[in-house]
Amino acid sequence: MKIFFAILLILAVCSMAIWTVNGTPFAIRCKTDSDCSYKCPGNPPCRNGFCKCT
């Protein structure tokens, strides 16, 4: 049973890493465009207080 949960945990971490690379599904708050350049790939703009990472 522990092995099953370990495999699920690994799959969850890998899928989150893929989402982060392709565009995060989570809202990332920002104040300026430079805040987004550190948190998202591709230097996206900051609009309405959130990074446009997609």
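From the backbone N, Cα and C atoms, a Cβ is placed for every residue, glycine too.
The disulfide bond recorded by Swiss-Prot for Cys46 joins it to Cys30 [selected from Cys14, Cys30]. The disulfide entry in Swiss-Prot for Cys53 points, among Cys36, Cys40, to Cys40. Cα proximity to Cys30 (disulfide bond) (within 10 Å) is found for the following disulfide-bonded residues from Cys36, Cys40, Cys51, Cys53: Cys36, Cys51.
Cys46 (disulfide bond) has Cys36 as its nearest neighbour among the disulfide-bonded residues Cys36, Cys40, Cys53, going by CA to CA distance.
Remark: of the disulfide-bonded residues Cys30, Cys36, Cys51, Cys53, the most isolated position is Cys53 (fewest other Cβ atoms within 10 Å of its Cβ).
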